[in-house]
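Trainee: From Swiss-Prot, for reference:
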- Pro3: N-acetylproline (MOD_RES)
- Lys14: N6,N6,N6-trimethyllysine (MOD_RES)
- Asn123, Thr173, Lys177, Arg295, His327, Ser379: substrate binding site (BINDING)
- Lys175: active site, proton acceptor (ACT_SITE)
- Lys201, Asp203, Glu204: Mg(2+) binding site (BINDING)
- Lys201: N6-carboxylysine (MOD_RES)
- His294: active site, proton acceptor (ACT_SITE)
- Lys334: site 'Transition state stabilizer' (SITE)
Amino acid sequence: MSPQTETKAGVGFKAGVKEYKLTYYTPEYETKDTDILAAFRVTPQPGVPPEERGAAVAAESSTGTWTTVWTDGLTSLDRYKGRCYHIEPVPGEEEQFIAYVAYPLDLFEEGSVTNMFTSIVGNVFGFKALRALRLEDLRIPVAYVKTFQGPPHGIQVERDKLNKYGRPLLGCTIKPKLGLSAKNYGRAVYECLRGGLDFTKDDENVNSQPFMRWRDRFLFCAEAIYKSQAETGEIKGHYLNATAGTCEEMIKRAVFARELGVPIVMHDYLTGGFTANTTLSHYCRDNGLLLHIHRAMHAVIDRQKNHGMHFRVLAKALRMSGGDHIHSGTVVGKLEGERDITLGFVDLLRDDYIEKDRSRGIYFTQDWVSLPGVLPVASRGIHVWHMPALTEIFGDDSVLQFGGGTLGHPWGNAPGAVANRVALEACVKARNEGRDLASEGGEIIREACKWSP
């Protein structure tokens, strides 16, 4: 393909500022199977036509800059530029529109979520011609998906490792999150696992503080795991948070966890960064460790409706970077989410092929070509009375993570864990018998209470 007309040698270089839409707005463009497609919610400054703003987003997130430069003539912009190929209004929002942008695959390094985000969202969000900008969704082409390892193991391999089938997995975040000594922390882990939980969890900000250094915590938690396994006959785990200040230190902690023989480690993937996360994910696959992912800091990025990035994009990025679990919201509890929207990105985490469905916030059909799935984790503000709804909404392939809903039991940690396990098994049994969890959930839990703490 030839460069732009303005930069052909026969015409000569012409300096100056020109409208973005002359080069980057191409409504006639037919997207390719290899293009990365993006849907941006754009709120422009007053008086700026949508075509110009959509083209500006495409330009500033690909090959463009604020003026014409002579080096444009040394490459083919038609081959490498991003293109705004469609614009549609946002219902009920007169000042907003959705700009669809296609990016050629050659703009991105293979297997690098870091590079993908640096290109697409790294600079354009500070563009002063826009009042606000939000990345709503991405379509990752099959050709790019195949350059990623994805989750270290995936849903089926995890179930096989744990020998647990036919129900959601149960977890608990140890509280108080900060201040416990390593020995007392390990005691709480043991009580919860002995009571019937599958996992316990470090909170996201438990790393290696003066009151509890990481090595001590790992040792006491491993002791709790082995002791509870011996008593219950079930495989247990604790999400040992390997997040650290450097990648080298993070891997050192993961290596120690592997040497202890525990099944799973944890990473804060947004604060730790995608490069660190992908590094840890590769280590976990090579060494048989499951990887639990916490999304600490996500609300800084995804909470605003008009600016930032929707969590479904972060969820897709995590599936590419690698993680076997990720916190996904609850739909119920203290951090309630929109049910259809939440289930939309839950499906993007678990399923192999997801059709476009705007009612669930899915802007593009996504084919993961057998990339392993990720278990969504429902957590924060949930308790046993939410169990029927959680079982119905999330299904078997999920982790139900209780903190205060376990440790807040008036009889202590172990009875709290027993109550969680009894409630879950009662709901699963009732569902399998054909009972309606939505209408009979309260009755099912009350029946289970007769034989449970």
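Backbone N, Cα and C atoms are what each Cβ position is placed from, and that goes for glycine too.
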Trainee: Which residues does His327 (substrate binding site) neighbour through Cβ under 8 Å, counting only same-chain ones at least six apart?
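Mentor: In sequence order, the residues whose Cβ lies under 8 Å from that of His327 (substrate binding site) (at least 6 apart) are Ile293, His294, Arg295, Pro376, Val377, Ser379, Gln401.
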Trainee: Quick one: which of these recorded positions, Asn123, Thr173, Lys175, Lys177, have their CA within 10 A of Asp203 (Mg(2+) binding site)?
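Mentor: Taking Asn123, Thr173, Lys175, Lys177 one by one, the ones whose Cα falls within 10 Å of Asp203 (Mg(2+) binding site) are Thr173, Lys175, Lys177.
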Trainee: Looking at substrate and its recorded binding residues Asn123, Thr173, Lys177, Arg295, His327, Ser379, figure out the farthest C-alpha pair and report it in angstrom, whole number.
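Mentor: Result: 36 Å between the two most distant Cα atoms.
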Trainee: Which chain-mates of Lys201 (Mg(2+) binding site) that are at least 6 residues away have a CB under 8 A from its CB, listed by sequence?
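Mentor: Those within reach of Lys201 (Mg(2+) binding site), by Cβ under 8 Å and sequence separation of 6 or more, are Gly171, Cys172, Thr173, Ile174, His238, Tyr239, Met266, His292, Gln401.
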Trainee: Most Cβ neighbours within 10 Å: which of the binding-site residues Asp203, Glu204 is it?
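Mentor: Highest number of other Cβ atoms within 10 Å: Glu204.
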Trainee: Once the chains shown are all counted, how many other Cβ atoms turn up within 10 Å of the Cβ of Asn123 (substrate binding site)?
Mentor: 11
Trainee: Reported as an integer number of Å, what is the Cα distance between Lys177 (substrate binding site) and Glu204 (Mg(2+) binding site)?
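Mentor: So the Cα of Glu204 (Mg(2+) binding site) lies 8 Å away from that of Lys177 (substrate binding site).
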Trainee: Taking the Cβ of each of the recorded positions and counting other Cβ atoms inside 10 Å, which one has the highest number: Lys175, Lys177, His294?
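Mentor: Output for this query is His294.
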Trainee: Please state whether DSSP places Lys175 (active site, proton acceptor) in a helix, a strand or coil.
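Mentor: Reduced to three states, the DSSP call for Lys175 (active site, proton acceptor) is coil.
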Trainee: Run through the Cβ atoms and count how many others sit within 10 Å of the one on Arg295 (substrate binding site).
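Mentor: Taking every protein chain into account, the count is 23.
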Trainee: How big is the gap, in Å, between the Cα of Glu204 (Mg(2+) binding site) and that of Asn123 (substrate binding site), rounded to a whole number?
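Mentor: Approximately 28 Å lies between the Cα of Glu204 (Mg(2+) binding site) and that of Asn123 (substrate binding site).
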Trainee: Rounded to the nearest Å, what's the C-alpha distance separating Asn123 (substrate binding site) and Lys175 (active site, proton acceptor)? Just drop the number here, would you?
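Mentor: The Cα atom of Asn123 (substrate binding site) is 39 Å away from the Cα atom of Lys175 (active site, proton acceptor).
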Trainee: Is it possible to get the count of other C-beta atoms within 10 angstroms of the C-beta of Ser379 (substrate binding site)?
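Mentor: That number is 23.
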